[in-house]
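Here is what TrEMBL says about this protein:
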TRANSMEM  12-36  transmembrane segment
TRANSMEM  65-86  transmembrane segment
TRANSMEM  98-115  transmembrane segment
TRANSMEM  127-152  transmembrane segment
TRANSMEM  159-184  transmembrane segment
TRANSMEM  190-207  transmembrane segment
TRANSMEM  219-241  transmembrane segment
Amino acid sequence: MSLEYVYASLAGLAFVTSLITAIIGMGGGVLLLAILPSFVPPSALIPVHGAVQLSSNLSRFLFDIRSTCFTALGQFFVGSIIGAYLGSQLFNEIDFSIIPLLISAFILFVLWFPIEKVISKIPGKYFSIGIVQTSLALYVGATGPLSTSILIKDGYKPIEVIVTNAAINTIINIFKIVVFIYLGFVFYDFVFHVIVMSIFAIIGSYVGSKLRIGINIILARKVLIGVITTVCLKNIVTYFIG
């Protein structure tokens, strides 16, 4: 495929997925990660995704910062420091060719297994999820649904869930970028991919913040889960049969 087609596709993908998350609070980053293997090699998949998601999540957080639950965010941040360190210790042992399979399998697990029922019973759950979510993010990329499900279960308003989860994922993506630079990943090789997608991700966040009112969030989430599940199953089948 031509470079123009790649950049146009990535721009559209970044805009739509950022728009989705800005409106319903979940799923955009997961959907982006599920489709991105069509445009980015496995070894660059998670670093590039993390860099783009940083712009998407940070912009979404800043657009509605007053709706952030800073108590949960502070606990998560402390756990995230530990998670980034623990996750980086085994990274060089990973076979990058299996990354797309791991990502798709993890996404399906998070979407369909009620893991929030287990995590919600753990003392200091936001600290604990900070450790787990950040360490896993280095290997499977999009772990946002974990914190989203906990925030929803704790009874936060939809806007609080959206913005606090954006802040949480901003923290995760900052740590991911730091770890990948430390491990030797060269972001410069994909700088135009990241720039193009980041610009349109920010635009998507802004537009989504304006369209949020009036959307049936529950119905939209169900439809999105169906789409993401289909893409992940396709990735798994492709991995095994080509």
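Yeah, the Cβs are placed from backbone N, Cα and C, and that goes for glycine too.
With Cβ pairs under 8 Å as the measure, the transmembrane segment (98-115) is packed most heavily against 219-241, out of 12-36, 65-86, 127-152, 190-207, 219-241. Sequence-distant contacts of the transmembrane segment (190-207) (same chain, six or more residues past either end, CB-CB distance under 8 Å): 6-7, 10-19, 21-22, 28, 39-40, 44, 47-48, 51-56, 59-60, 63. Long-range contacts of the transmembrane segment (65-86) within the same chain: residues 124, 126-138, 147, 151, 154, 156-157, 159-160, 162-164, 167-168, 171-172, 175-176, 178-179, each at least 6 residues beyond the stretch ends and with a Cβ under 8 Å from a Cβ of the stretch. Counting only same-chain residues 6+ beyond the ends of the transmembrane segment (159-184), those with a CB under 8 A from a CB of the stretch are 21-22, 24-26, 29, 46-47, 50-51, 53-54, 57-58, 60-61, 64-65, 67-69, 72-73, 76-77, 80-81, 83-84, 87-88, 91-92, 130, 133-134, 137-138, 143-144, 147-148, 151-152, 212.
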